[in-house]
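As structure tokens, the structure follows; a few thoughts come after it.
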Amino acid sequence: MKIPFTKYQGLGNDFILIDNRHSPEPLITAEMAVAMCDRHFGIGADGVIFALPGQAETDYTMRIFNSDGSEPEMCGNGIRCLAQFIARLEANNAIGRTYRIHTLAGTIIPRLEANEQVTVDMGPPQLLGSEIPTTLVKGSEKVLAVPLEVEGKDWLVTCVSMGNPHCVTFVGDLASIPLETIGPKFEHHPVFPQRTNVEFVEVIAPDYMKMRVWERGAGITLACGTGACAVVVAALLTGKCDRRCTVELPGGCLQIHWSQTDNRVYMTGPAKAVFEGIYPI
């Protein structure tokens, strides 16, 4: 079997996009996705995204396998790439075009903008311990600057779910964080029963922050859209930033707005096609 695909990237967070509109189940298995994502023996990517038929009054369904074969609820950079991929499939990239996309995190609505930008309505953040989920606090409590012991040190963490779990820590010197070694310690900490994404953040100004991310199931990546959203929510809740903020990641910048009017988080950033190909299974 030969699988046509298009490689996309959003701020260096890269994905293999597959046209799966004719079937409600992914064309390939999680194990096959791992092989495709291998950067030495495969195509190379942080994940494989499938454009499946819509359900529950949506236009499309998004499924994604991470590079380790796990399946996350949603991916912010990935859904921007999916929106551009759908526009290419439909041969309609009109500015302002929106799609209702079913994900495991609920319905997400991306909108095409000029210059290959996509704005995504990421929905409202979830803040309770039971929603993250985490056992760090009671299920009815929020996790705001709560100590978490990792590697013998107490880190003040704020937890947010953007449909997937995030553990945010604010630091004074982002470059000093040994992300490759400490990231997996946070991800697999026993207080996170479904594991967690991990963000370390340095606040530069109330409207500008820098972050590095260890993604659940993917490790260090150049960008994480849901992570950037979670960072702005966490920073605002702890008095560190404005509702509109630029978040700088290793791969570039995202514009994040946590609306006071409707409590929803909006993310704007690029998504670009890299190349097309056919992968033999």
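Each residue, glycine too, has its Cβ placed from N, Cα and C.
As given in Swiss-Prot:
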BINDING   N13, N66, G76, N77, N164, N197, E215, R216, G225, T226  substrate binding site
ACT_SITE  C75  active site, proton donor
ACT_SITE  C224  active site, proton acceptor
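Each residue in P72, M74, C75, G78, V213, A218, T221, C224, G227 lies on the same chain as N13, N66, G76, N77, N164, N197, E215, R216, G225, T226 and has a C-beta within 8 Å of the C-beta centroid of that substrate site, without being one of the site residues. Fewest other C-beta atoms within 10 Å: among the active-site residues C75, C224, that description fits C75. Of all Cβ atoms in the protein chains displayed, 30 besides its own lie within 10 Å of the Cβ of G225 (substrate binding site). The binding-site residues near C224 (active site, proton acceptor), taking a 10 angstroms Cα-Cα threshold over the set N13, G76, N164, E215, are N13, G76, E215.
A distance of 10 Å separates the Cα atom of C75 (active site, proton donor) from that of N13 (substrate binding site).
Classification of N13 (substrate binding site) by DSSP places it within a strand.
DSSP assigns E215 (substrate binding site) to a strand in the three-state reduction. Neighbour density around each Cβ, counted as other Cβ atoms within 10 Å, peaks among the binding-site residues N13, N164 at N13. Counting every protein chain shown, the Cβ of E215 (substrate binding site) has 29 other Cβ atoms within 10 Å. G76 (substrate binding site) falls within a helical segment according to DSSP. The Cβ of G76 (substrate binding site) lies under 8 Å from the Cβ of V120, M122, M162, C224, G225, T226, G227, A228, C229, M267, each of these being in the same chain and 6 or more residues away along the sequence.
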